């Protein structure tokens, strides 16, 4: 097998194993750790740390450690979050959320850098267009990676479906789920009955093992960047000083195209936050039970993967602007219904 393609597959399956664990655990945070909003708070802290990390850490770590060891080290940050969930409290989840957030940006940056260098290296040897090879490598990566949401959520649903404390929800309690969850405290007596500690520990054990396997896969099978490739890598990641890195982030705001993308990016973040935080807790766990969270998120992940492929093809004919506009959706509220 061509060596660069082997490395692409190693990274792809490493991310698959890692995000099989993290994706499933993220969907369950607001349901498993609902007391005083701990689960939602941990996700908020996580992404706040990710924002800060993306401004400083990636070029520094990749330059010092190289892509391979940056990926391996950042994956360990995700494992720390899984371990923090074994004894979920403000003193364990919040610090491990910060650790994960700090490791998230270097992980993705190192992955992108590695695939870009590998693609350019092979294209130069084969006499092909570098962009075409890079696109192929990223296509292979996302083809494998996007299925993580399916496997992680399938594992959680299969395990929690073994619970013996499932409760039948009454029509009265059902009316308190969803948008009206804040009006009642009765949700704890509905289908959201918490699974036993043994099932939770079993799930967390599987997720942690999946993360450990991801790290071992990278450490054992991912090749180091060769000396000639390393020089290219240093050129890509050259950062004269800390302040240069800091200011470079804000220099992008001079480009109006970048500014116009900010609202769309924020909207996407709010939407994902609602999906993994509020929707899974109040619309799924409350009404159906925690063992259905995985099945619902599997549907989301599967459609997300298919649409990634579909809209990638459609963009060739429509352009990106139309697809950006299509992404904004209006959700009717009660006032709209009253006016009808």
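Cβ atoms here come from the backbone N, Cα and C positions, even for glycine.
TrEMBL entries are annotated by machine, without manual review.
In TrEMBL, the transmembrane segment annotation falls on 39-57 of the listed ranges 39-57, 172-190, 229-247. Among the ranges 69-88, 249-268, the stretch that TrEMBL annotates as transmembrane segment is 69-88. Residues 289-311 are the range that TrEMBL records as transmembrane segment, among 13-35, 289-311. For the transmembrane segment (289-311), the partner stretch with the highest count of Cβ pairs under 8 angstroms, out of 69-88, 94-117, 137-160, 199-222, is 137-160. Take the transmembrane segment (137-160) and the stretches 69-88, 94-117, 199-222: counting Cβ pairs under 8 Å, 199-222 has the most. Beyond the transmembrane segment (199-222), the same-chain residues lying 6 or more positions past its ends with a Cβ under 8 Å from any Cβ of the stretch are 6-7, 10-11, 13-18, 20-22, 24-25, 32, 68, 71-72, 75-76, 78-79, 82-83, 85-86, 152, 155-156, 159-160, 162-163.
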